[in-house]
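Chemist: Before I ask anything, here is the structure I am working with.
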Amino acid sequence: MGKTVVIKCGGSVLDELSPAFFASVNAMRKQGMEVVIVHGGGPEIGQMLKTLRVPSEFVNGLRKTTKDVLAVVEMVLSGKVNKQLASMLRQHGLPAVGVSGVDGGLLEAEPIDLAKLGYVGRVKTVRSQLLRTLLAAGYIPVISPLGIDQNGQTYNINADTAAGAVAAAIGASQLAFVTNVPGILRDGALVAEATAEMIERLIEDGVITGGMIPKVQAALSALSDALPEVMIVSGKTTFYQNGTWHGTTIRKEVGVYL
């Protein structure tokens with residue numbers, strides 16, 4: 001079995017994925033890598049909630065998920081976004097299979113705070129055997145970030161943290177967060193490498209702002225001894241070619257690569 005890469009595609013970038021993105025995934029596969037994709041769908045969920053007039057609110061950056069909101073989240077993530085992304089991958093010659101984190105109990109979840117957040121969960125266990133079976137058969141699993149507990153209750157899971165949990169469970173050699181920019185930018189120039197300390201400073205200095213803040217925080221929290229570096233890359237341009245990654249590499253500390 002070759003190296004396994006987990007790619008997380010945010011909901012806001014899905015409509016902007018370019019042919020270069022799919023070419024990058026193809027390049028990985030040609031190098032013998034296995035690929036797993038975890039996707040979000042925030043903008044689509046927000047639009048559907050508005051269309052259906054289902055009230056919703058955010059608490060500490062997470063969408064409070066009532067039963068009504070959860071029904072829409074499931075419909076959009078698993079019924080629409082997941083299938084669209086799997087279809088796009090197949091159109092580019094990539095053998096994708098769309099699955100929900102609920103399927104086969106792939107993502108076993110537990111509530112973060114039922115009173116404050118409703119059915120928002122965290123990943124308790126990843127049943128990685130399902131992913132290993134799909135990978136061994138040559139498929140690219142495309143996962144919508146829903147989880148299920150032992151009582152059969154479904155939970156809405158943050159896609160960034162779901163991707164980190166999947167990467168840890170399958171022993172991925174790389175985790176890449178796909179955004180609509182080439183990585184962390186300072187004065188328009190790409191920051192090729194960053195550490196936790198540097199990122200803290202870049203946030204304080206207003207270099208890292210808005211939606212990039214939760215991305216880099218998710219990247220930092222995914223770092224471990226088994227996964228010493230994480231990438232932030234663009235879905236609009238080539239991010240992997242001839243064995244080389246293009247984007248910002250995030251590591252825990254400078255000593256790792258000096």
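Keep in mind that glycine also has a Cβ here, set from the backbone N, Cα and C atoms.
Not measured: the values here are computed from a predicted model.
Per Swiss-Prot, site 'Transition state stabilizer' is recorded for K8, K215. Annotation comment: Swiss-Prot describes G41, G42, R63, N156 as substrate binding site, evidence class sequence analysis.
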Chemist: Grab the substrate binding residues from the record (G41, G42, R63, N156) and give me their largest CA-CA distance in Å.
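Modeler: Largest Cα to Cα distance for the substrate-binding set is 12 Å.
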Chemist: Under a three-state reading of DSSP, tell me whether N156 (substrate binding site) is helix, strand or coil.
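Modeler: Where N156 (substrate binding site) sits, the three-state DSSP reduction gives strand.
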Chemist: What does the structure give for the C-alpha distance between K8 (site 'Transition state stabilizer') and K215 (site 'Transition state stabilizer')? Integer Å is fine.
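Modeler: Spelling it out, the Cα of K8 (site 'Transition state stabilizer') and the Cα of K215 (site 'Transition state stabilizer') are 10 Å apart.
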Chemist: Fewest other Cβ atoms within 10 Å: which of the binding-site residues G41, G42 wins that one? Let me know.
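Modeler: Each of the binding-site residues G41, G42 was scored; lowest Cβ tally within 10 Å is G42.
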Chemist: Just the number: how many Å between the Cα atoms of N156 (substrate binding site) and K215 (site 'Transition state stabilizer')?
Modeler: 18
Chemist: Taking only the Cα atoms, work out how far G41 (substrate binding site) lies from K215 (site 'Transition state stabilizer'), in Å, as a whole number.
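Modeler: That separation, Cα to Cα, works out to 15 Å.
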Chemist: Going by DSSP, is K8 (site 'Transition state stabilizer') sitting in a helix, a strand, or coil?
Modeler: strand
Chemist: What Cα-Cα separation, expressed in whole Å, is found between R63 (substrate binding site) and K215 (site 'Transition state stabilizer')?
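Modeler: That comes out at 16 Å between the alpha carbons.
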Chemist: Compile a sequence-ordered list of residues in the same chain as K215 (site 'Transition state stabilizer'), six or more apart from it, whose Cβ lies below 8 A from its Cβ; state 'none' when nothing qualifies.
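Modeler: Listed in sequence order, they are G10, D160, F177, T179, I232.
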Chemist: Inside 10 Å of the Cβ of R63 (substrate binding site), count up the other Cβ atoms and send me the figure.
Modeler: 21
